[in-house]
Amino acid sequence: MDANNSSVQADKVVGIVSLAMLTQISTQYLFTQPAQIGSEMVAWTTLPILFKGFRHQRLIYSIKRNPSLLEYGSLPSIHLWVIAVAICITSWFKREIGVLTSFPMLFPLLLVSAKVFNFRTDSSIGLNSCSILTEAFYGSSAVSLLGTFTLGSTNLVEWGLSIIPMSCILGIFVFLSCQHGRSLPHYINTELTSFHLSARVLLILATTVVVEMVIFGLSWGHPFTMLALSRNYMYVLTEVQIRYSSWSTAILVETFSLLSANSPFDESSDLNALLNVFTSLLVLAQIIHVIPSNSKGKSILWLFGLATMAPYLANVWTIYAADNAVVQNRPIAHLMEKAKLEFHDTLQKQSGTYIAACEEYQRRYKIEPPPGFEQWYRFATAHQSPIIDDFDAIYSSIRPLLNLSGREIIENLNNARNLPRNELWSCTFFGGLRKTKCSHNNRVFDRHIQDSFNALLESIPATLPDITFLVNHLDEPRVIFPSLSGAHNSLDIEDQSRQPTWHTVTDACAYRIGKAQASELKSAKRPELPFVIDPVLDQDLCLHPEYSTMHGLFLSPTSFRPIKGLVPVLSTGSPSTMGDILYPSPAYMEPEFEYNASKDIGWEKKQNKLYWAGFTTGAFAVSDDWRQSQRQRFVSLAQNLERRRFPYLYQGRDGSANVWKSMFLNSRLFDVTFTRIFQCEARYCRDQRHYFRTHSWADKDRGLQSRLVFDLDGNGISGRFYSLLASKSAPLKQTLLREWHDDRLKPWVHYIPVSQSMEELPEMVRYFASSNGQERAREIAENGHEWFSRSFRPVDLTIYLYRLLLEIARLLLTCRNSL
């Protein structure tokens, strides 16, 4: 009779473990960090009711026959409080860091604890080929380390923090086992104990919620009903597993569920995806082994291997199908060929004599060259400058200022210098000494502005007069020119930091005639995907009102203090509607952003994917609008966090390229992450940590290991662009900010332009990662690398600054009248 009962119980164990695995896997798939605390509270509120329905008949029968067992089966109050605190700590950490990546290490630690504290962890383990995975510390540790690596190999900080809740769970097991022995589950009244424990857990969680509301504000509203229901059954079945099998089974089942929910569709590495499947199968073998040896039907548990194998195989097939659907007759190929011809034509048209340069200057700008232009020309040609005529970036900012006389410009410059909290450096270039001296009303560190001017201008002829100019200290641009009817001699500064700025920045659009450009833009856009044809038109804010909610500068800039008036201010970058005078950023010469050729590798050795890692700069998050900022939109797309439909091109029967949409994004082609989340209020920093998959750190040269590297705006221009352009990788560039070098860089020749919507990015990356596309990407990488060595030498920056100083010197001539 006892043997029959044992057989029945053994068969029941397999069924219980199967149900537990189903509920654990469903819980992991339903899990979201924002819903963690809410679902936990709902689960613990209803858990006593569920335990009442699932209480075990043997215990009920025993209590009916001997009511004294009811008191004997209750845990002491202090024990309940210890368990409740550990449960709440674990729940809070799950809320803050998500998956407990160190959790797989719990099983070998439990084995060690069992030996140290002399308690048993399993029901019946027989010796067989799997014993090394469950009984030997080194075997179980090897599997656990693999599991930990696949779950959290990218964020060491989160891995370290996850040790705290993992220790709490281990502490509960050790505490209960040492206090009550392994027979504990058989002699407690689970219904009564769950009621008392729930009350304590709910009290602590409620206190936690109140504290969080005080610190972070009200952030409720995340759906958690299904998660709470799944978690209810998970807790009940965990208790039943411990009763009929072991502590080890419960731990291994949760470990397997964590690995099963680790989707291969989100993995950026084939190795990690395969390793996750391999490790989950090892854990499944451990589960089968720790189940009592007399259990029948244990082999059926191997079917749960499909929980990881099926998604992996589906992912492999989807990638294969997507790769074979790449359209070879690309619009990109046409854009590249057209751009190459235009760039070649630009170089051929550069003036070869001083007379020709003067004539071209007058043709372009309808004005005589500034004094000293001949010396500049001789200096430029002596240093083999490939660009002689294309300096439109300078004159486009200088031209509106010529509407004032030299005396008026000097007056405005002095008035701007005296504005409160102007965040401007007043710099004077001493022509005879070829030295620059900069000062600020209340700052000491000038972000290397003075050093950069001294380094670049020490070699120019000592023929320039002393020139005083203003340089913007902030990342964000500064100058907004007044309307046509505005007072040209008045200056006004306003602090618009951390608030919408679109109307301020685009106020000039109402006075500009842009219908011709609008029609040109409409004809330039292709119907397939929004590939960038002309960056000038693509960056024109007056033609793109949709940009108002697509860039941090317009949503909530970290620091934005626009100066309204006609005043010459040098900035490193500026949108199309603002009047900052552009100069080379000192950041480009800082060691942090310099190209390190020793860290670069050949094209064939580079990983065939797109890389970017960085900070959440670009805006200061004061609302949920952080989701619309350029960097957050990019990382969200690359990590496929919104699970939206992406447009791809496919070959029609007539050979044309047609668009189809799919929710699939090949994660193997994207290695994109945030390494620091900041510039946000506490609540929204927390929301972003919950939303994105982050890395704890990334080497600044790690991008050189990939064939495609991404670059985009932060608070201002991106300082890393030159290191990417100089590398042997192909840079993809998205920006709304004009820079000094725009006249000498050709999109689709030296870099790959990306639109603000980034709608074309998945298809673009898919193509450049394909066999034909790789050669195109390599061509762009080589073009950019070669052109950088010819046109972005320190002397090329000197040539630009030299010509810029000529224009500023003319602007400040006291004898100059307004145009």
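Cβ atoms are placed via backbone N, Cα and C, with glycine included.
As recorded in TrEMBL:
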- 525-815: domain 'Glycosyl transferase CAP10' (DOMAIN)
- 12-31: transmembrane segment (TRANSMEM)
- 37-54: transmembrane segment (TRANSMEM)
- 75-93: transmembrane segment (TRANSMEM)
- 99-118: transmembrane segment (TRANSMEM)
- 130-153: transmembrane segment (TRANSMEM)
- 159-178: transmembrane segment (TRANSMEM)
- 199-220: transmembrane segment (TRANSMEM)
- 273-291: transmembrane segment (TRANSMEM)
- 300-320: transmembrane segment (TRANSMEM)
Annotated stretches the transmembrane segment (199-220) and the transmembrane segment (37-54) touching (3 or more Cβ pairs under 8 Å): yes
Tertiary contacts of the transmembrane segment (37-54), as residues 6+ beyond its ends and Cβ separation under 8 Å: 91-92, 95, 190-191, 194-195, 197-198, 201-202, 205-206, 208-209, 212, 220, 222, 224-225, 227-229, 231-233, 235-236, 239-240
Candidates 12-31, 99-118, 159-178, 273-291; stretch with most C-beta pairs under 8 Å toward the transmembrane segment (75-93): 159-178
For the transmembrane segment (99-118), distant same-chain residues with Cβ under 8 A (at least six beyond the ends): 90, 93, 135, 137, 140-141, 143-148, 151-152, 155, 158-159, 162-163, 165-166, 169-170, 173-174, 177-178, 247-248, 251-252, 254-255, 258-259, 262, 283, 286
Segment-level pLDDT (mean, integer) for the domain 'Glycosyl transferase CAP10' (525-815): 95
Chain residues in Cβ proximity to the transmembrane segment (273-291) (below 8 Å; excluding those fewer than six residues from its ends, i.e. six or more beyond): 13-14, 17, 21, 104, 107, 122-123, 125, 128, 130-131, 133-134, 140, 143, 146-147, 149-150, 245-246, 248-249, 252-253, 255-256, 259-260, 262, 264, 267, 298-299, 301-302, 304-305, 307-309, 312, 315
